[in-house]
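J.: Submitted below is the structure of interest, expressed as structure tokens.
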Amino acid sequence: ARPYFLDIDTGSALTWIQCDAPCTNCTKGPHPLYKPAKENIVPPKDSHCQELQGNQDYCDTCKQCDYEIAYADRSSSAGVLARDNMRLITADGERQNMDFVFGCAHDQQGKLLDSPASTDGILGLSNGAMSLPTQLAKQGIISNVFGHCIATDPSSSGYMFLGDDYVPRWGMTWVPVRNGPEDVYSTVVQKVNYGGQELNVREQAGKLTQVIFDSGSSYTYFPHEIYTSLIASLEAASPGFARDESDQTLPFCMKPNFPVRGLWMM
């Protein structure tokens, strides 16, 4: 067994790790590159390949299933599909083997190459057919449920569970999930509040604002109308501050419109 550290991404289905295939563009991860055996490469006629590539015509003479996935920040990963054995430890301590199909990545582009996170790849947890929970559920190993509980203590990392054995029975607020685009987890924003002021989401956006849950992104994005309304509310609530245009990397920054000599923390 070999360990790999992966970014948890609910916004994509394909799990991939950096591979020595050879690797065209790879970052230096915490573990050696995965080197697939020839018999582990998924052929184009495999059902997982056809699921990933959709209705595209596959190559009859090709010996491997190629993939390329693009993310919201315009970074991308390309490689081939591979199949290997994954061993899981169940809630009752038993070991369960599964046949897992994932991406063997040998060409990363964009921010994936300069990410500060020390990881070997991405763990795809969306509702797509290629995601880890879906593959586990299809093999009858778990129910199609997963959870990630974030710890309140910054020094702790929380925990992730697969299946419904560890679903918390209290302290949760359930949100209806819709069938969003590309098999992501989607719901609707009913209102946006800043302080005691409620922004009219329906009127500003012209329709209900649909959002997706994406643990792979560190930013929260709003439609333009809601974003500008929120900025106006921030400015109205902070009359002693003005826009700071000195740092163009920040979309919105404010500074006091009076000289500040020092800052006291109480």
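Any Cβ shown, glycine's included, is placed from N, Cα and C.
The following feature annotations were taken from TrEMBL:
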type     : residues : note
DOMAIN   : 1-266    : domain 'Peptidase A1'
ACT_SITE : Asp9     : active site
ACT_SITE : Asp214   : active site
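Where in this structure would I find these features, and how exposed are they?
T.: Counting every protein chain shown, the number of other Cβ atoms lying within 10 Å of the Cβ of Asp9 (active site) is 21.
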J.: I'm trying to understand the geometry here, so how far is the Cα atom of Asp214 (active site) from the Cα atom of Asp9 (active site), in Å to the nearest whole number?
T.: 6
J.: Just counting, how many other CB atoms are there within 10 A of the CB of Asp214 (active site)?
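T.: Here the count is 19.
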